[in-house]
Amino acid sequence: MVIFNEKEKLTPAIVELKNQNKTIGFIPTMGALHEGHMSLVKASKAQNDYTIVSIFVNPTQFNNAEDLAKYPRTEENDKELLIKNGCDFVYIPTIEDLYEANEGAKHYDFGTIDQVMEGASRPGHFDGVATIVCKLFKAVQPTRAYFGEKDFQQIRIIQEMVKQENLDVEIVPMPIHRADSGLAFSSRNARLSTQQTSDAPQIYSILSQAVTLKNEGKDVAEVKAFVENEFKNSPFELEYFEITDEETLLSIEHFSEAYNIRGFVVAYAGDVRLIDNIQF
């Protein structure tokens, strides 16, 4: 596995491979790698000649300095995991390699998709995400880029950014990778206590029960009331549960076969913010 720290060295190496008609799969990450990330590496290796992973904790997507400071950093372990899983290249840039002095996030107009859910609760977050992913795409020039659907709203943002920036990259959403318990893999899971880790699968269980209710003919209001009540009787503090159209991410009032529908949840286990979603 080859490690790059500077885009001036990385980009020419990638261009040389693409000139040989090689395909490049890319997984952008913030490190603290886990099985969910490795499932993306596996998918990329199956579909591309070369796979590259980036590790960069992007400051412009954190609207909470404390959250940025707490984000787990496990670079040596990350590199070992990538070698074990057959990654070809890893790009670990410094802030200076990607951002000019005093450069912040670019402001994008994403319409409604960055004004709801995570966009509403974390102002500026998605401008930061779009800015760094655009910078990484320009440095890496991938054929395909892989993202887990746990961050489904983020995927929609990146799809729109790629259109606006006219970038030649295929975005490949991948199903949420879960532990046997149903808990979605997340770098934040490392901050959970033993008891919280034991309790956390309840989140996916509640989502799954919500889908069952919909399939039994319950309407949106009834499903939302069920979920909110289940969280009241759980160890978690519910921040929000929304049922939306997958394309616009706008909340729906009634289930319909006319569009794809997904339920999104954010809940706190102590001070750890956990997100999950499920397709209805």
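Using N, Cα and C of the backbone, Cβ positions are placed for all residues, glycine too.
What TrEMBL records for this protein:
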- HIS37: active site, proton donor (ACT_SITE)
- 30-37, 148-151, 185-188: ATP binding site (BINDING)
- GLN61, GLN154: (R)-pantoate binding site (BINDING)
- GLN61: beta-alanine binding site (BINDING)
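Taking each of the recorded positions HIS34, HIS37, LYS150 in turn and counting other Cβ atoms within 10 Å of its Cβ gives the largest count for HIS37.
Long-range Cβ contacts of GLY36 (ATP binding site) within its own chain (separation 6+, distance under 8 Å): GLY148, LYS150, ILE176, HIS177, ALA184, PHE185, SER186. The DSSP secondary structure for HIS37 (active site, proton donor) is helix. Candidate recorded positions: MET30, ALA32, HIS34, HIS37. Nearest to GLN61 ((R)-pantoate binding site) by Cα distance: MET30. Around GLN154 ((R)-pantoate binding site), taking its Cβ as the centre, 21 other Cβ atoms fall within 10 Å, counting all chains.
Between the CA atoms of ALA32 (ATP binding site) and GLN154 ((R)-pantoate binding site) there is a gap of 18 Å, rounded to the nearest whole number.
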